[in-house]
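Here the structure is laid out as structure tokens; the discussion comes afterwards.
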Amino acid sequence: MRAARMAQSTGRQLLRLRGVSSWPGELLGQPRPGPARRPYASGVAQAAVDQSDSQPSEASTREKRANSVSKSFAVGTFKGQLTTDQVFPYPSVLNEDQTQFLKELVGPVTRFFEEVNDAAKNDMLERVEETTMQGLKELGAFGLQVPNELGGVGLCNTQYARLVEIVGMYDLGVGIVLGAHQSIGFKGILLFGTKAQKEKYLPKLASGETIAAFCLTEPSSGSDAASIRSSAVPSPCGKYYTLNGSKIWISNGGLADIFTVFAKTPVTDTATGAVKEKITAFVVERSFGGVTHGPPEKKMGIKASNTAEVYFDGVRVPAENVLGEVGGGFKVAMHILNNGRFGMAAALAGTMKGIIAKAVDHAANRTQFGEKIHNFGLIQEKLARMAMLQYVTESMAYMVSANMDQGSTDFQIEAAISKIFGSEAAWKVTDECIQIMGGMGFMKEPGVERVLRDLRIFRIFEGTNDILRLFVALQGCMDKGKELSGLGNALKNPFGNAGLLLGEAGKQLRRRAGLGSGLSLSGIVHQELSRSGELAVQALEQFATVVEAKLIKHKKDIINEQFLLQRLADSAIDLYAMVVVLSRASRSLSEGHPTAQHEKMLCDSWCIEAAARIRENMTALQSDPQQQELFRNFKSISKALVERGGVVTSNPLGF
């Protein structure tokens, strides 16, 4: 019972990531209680399904739907739609001046990490050397996206991604110091800060004179951010809040002077007068007093970064230091995290690039059995798969950054996918590099073991991959639920909504009959990639068929079906990976890039295997009795382990 409540709570928290309700549509059989409420009754989500009781016209229905249609490709996959606006053609967002400026930065930053920064020494010292920190400040590395007028470099997201890729290639420990500072540490001030807050804090943060940290996680609050216990009580005069609490595992916690802190505050409902505790974000200065930190944590990796517990004891925070709205802290936190995930993918694309170079160097020079080992099929497959994973991650990172630079607001699922994929791909690539290098890879000197240690945290950082998988699946299912709800409402007035009903019904009937939905990437992908484009469309149709069937079966209880949601997320990730490489390789082929044929091979190889994985996953999910037995077994085995306190079976020898 407790597990079920936890699962339901997790599901609802995940669906709050974009500020929407967690209730599926009326067609799914569970209307939300209350006279004026409808499924997904908040913001844009409500607009998607809100219908007048006076049977709306087809025109008004179309208008409402058009105003709320997501441009996200990932959202579209759950609905069986090819939403190509943000993925084709592969975006080129930098103008000539931006490109030239970026080129002028790439050289010095690369040389700095090759000639000045010593990643191995940083790891050994468990801190970044002061000369390195000073050099980074002189490069402007602490304020890459802060506007020029506030002392920063003023980079857009795509320019930022290119420089972060260099950092990730050379030293992930330094990358965490820089990322914890600007990707999340003061990102809230950039996104939500008032003019006064920006002018007061950003110049010194951009120069590196002051360091920032992001304080969300607590001993009792990890993935469930809404369960934080730190509190900020407003003074009777309303001029300040008194902040108490502690935060754990805070990157830059022992270095920071400025903290973005999340705490519960009492908020009065203006309509009812009821007082509820809601999360509020604050900009907190160490100089306020009452802010202390513990010793640096001893960690598996990213040892060069500072990680510490931070304590707030009766800290007086001025009311003007509220970040965003009072009670709006959850939204602030999620926007900060969503906004920064593409940078993680970009950094890890750089990490893989550096690791692949080490693996290739060893394979090209190591002789065994009278042959260079790169001539052996097993090594060739490893290198090829490493290249594919790097290509996909890099393609995702720059796709998302470009979408953001173009002003898109529908990138949350894609950003989460890029973080999941990149962190897992980098681990696989580095693990395989060690395997190719054999015993040498296990030694400290080549530095690959350090990278492997550094990488492990990235599947936990800024939203664990498990939680993000649930977010991807639940957000996609929620949007599909809105569509089903819209169809249900349209059925109340079939004549007034004939166009909508005939279009959707025809598409679904064709899909269910195995005739396809008429979707095609023909004319969108390069003709040399037409076969891979067909594989992507077929995979999307298989995926959408299963999503619809499972939503109709489970209704709102799909939030508890984590075994199912994980498998849906995996396929959504594969689908997005397919389209980003199809898009990038199509551009390279169309523009005649020197590496176009190599990219075609990477793309085709990825699409063949990804389509097979999706087909296998969806076929298994459609074999309902077997899948349900498997899921029941997982639950029972886990329960037995917990009750026993470990492994249940006895040794084969009986003692």
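Backbone N, Cα and C define each Cβ position, glycine as well.
Under the heading active site, proton acceptor, Swiss-Prot lists Glu462. Take the CB of Glu462 (active site, proton acceptor) and look out to 10 A: across all protein chains shown you find 23 other CB atoms.
The number of other CB atoms found within 10 A of the CB of Asp466 (FAD binding site), across every protein chain shown, is 16. Following the DSSP three-state reduction, the secondary structure of Asp466 (FAD binding site) is helix. Per Swiss-Prot, FAD binding site is recorded for 214-223, 249-251, 464-466, Gln562, and the stated evidence type is similarity to another entry.
Here Swiss-Prot flags Phe461, Glu462, Gly463 as substrate binding site, drawing on similarity to another entry. A simple way to gauge crowding: the CB of Gly463 (substrate binding site) has 22 other CB atoms within 10 angstroms, across all the protein chains here.
For 49-59, the entry in Swiss-Prot reads compositional bias 'Polar residues'.
DSSP assigns Lys71 (N6-acetyllysine) to coil, not to a helix or a strand. The N6-acetyllysine annotation in Swiss-Prot covers Lys71 (among others).
Residues or ranges marked as S-nitrosocysteine by Swiss-Prot on the basis of similarity to another entry: Cys237. Counting Cβ atoms from all protein chains shown, Cys237 (S-nitrosocysteine) has 7 others lying within 10 Å of its own Cβ.
DSSP assigns Lys239 (N6-acetyllysine) to coil in the three-state reduction, outside any helix or strand. For Lys239 (N6-acetyllysine), applying a Cβ distance below 8 Å and a minimum sequence separation of six or more within one chain yields Pro318, Ala319. As annotated by Swiss-Prot, N6-acetyllysine applies to Lys239 (among others).
Residues annotated as N6-acetyllysine in Swiss-Prot, with similarity to another entry given as evidence: Lys276 (among others). DSSP assigns Lys276 (N6-acetyllysine) to a strand segment in the three-state reduction. Lys276 (N6-acetyllysine): 12 other CB atoms within 10 A of its CB, across all protein chains.
According to Swiss-Prot, the N6-succinyllysine annotation covers Lys276 (among others).
Annotation source Swiss-Prot lists N6-succinyllysine at Lys331 (among others), citing similarity to another entry. Residue environment of Lys331 (N6-succinyllysine) contains 18 other Cβ atoms, counted within 10 Å of its Cβ in all protein chains.
In sequence order, Ala363, Ala364, Asn365, Arg366 are the residues near Lys372 (N6-succinyllysine), counting only same-chain partners six or more apart with C-beta under 8 A. Summarising the annotation, Swiss-Prot assigns N6-succinyllysine to Lys372 (among others) and lists similarity to another entry as the type of evidence.
Summarising the annotation, Swiss-Prot assigns phosphoserine to Ser517 (among others).
Around Ser522 (phosphoserine), the same-chain residues at least 6 positions away in sequence with a Cβ under 8 Å from its Cβ are Ser530, Gly533. Here Swiss-Prot flags Ser522 (among others) as phosphoserine.
All chains included, 21 other C-beta atoms sit within 10 angstroms of the C-beta of Lys550 (N6-acetyllysine). Secondary structure at Lys550 (N6-acetyllysine), as computed by DSSP, is helix. The N6-acetyllysine annotation in Swiss-Prot covers Lys550 (among others).
Look at Swiss-Prot and you will find Lys556 (among others) tagged as N6-succinyllysine, backed by similarity to another entry.
Sequence annotations record features per position, and here Swiss-Prot assigns N6-acetyllysine to Lys556 (among others) based on similarity to another entry. Lys556 (N6-succinyllysine) falls within a helical segment according to DSSP.
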Practice task
Write out the long-range same-chain contacts of Ser251 (FAD binding site), meaning residues 6 or more apart in sequence whose Cβ is under 8 Å from its Cβ.
Solution key: Ile176, Val177, Gly179, Ala180, Ala213, Phe214, Ser305, Asn306, Thr307
Practice task
Within 10 Å of the Cβ of Ser220 (FAD binding site), how many other Cβ atoms can you find? Include all protein chains, please.
Solution key: 10
Handout entry: Candidate with the highest Cβ count within 10 Å, taken from the modified residues Lys71, Lys556
Key = Lys556
Practice task
Take the C-alpha atoms of Ser220 (FAD binding site) and Lys276 (N6-acetyllysine) and report the distance between them in angstrom, rounded.
Solution key: 20
Practice task
Report the same-chain neighbours of Thr217 (FAD binding site): residues 6+ apart in sequence with Cβ closer than 8 Å to its Cβ, ordered by sequence.
Solution key: Lys247, Ile248, Trp249, Ile250
Problem - Residue pair Cys237 (S-nitrosocysteine), Glu462 (active site, proton acceptor) - Cα distance, angstrom, rounded - result: 36
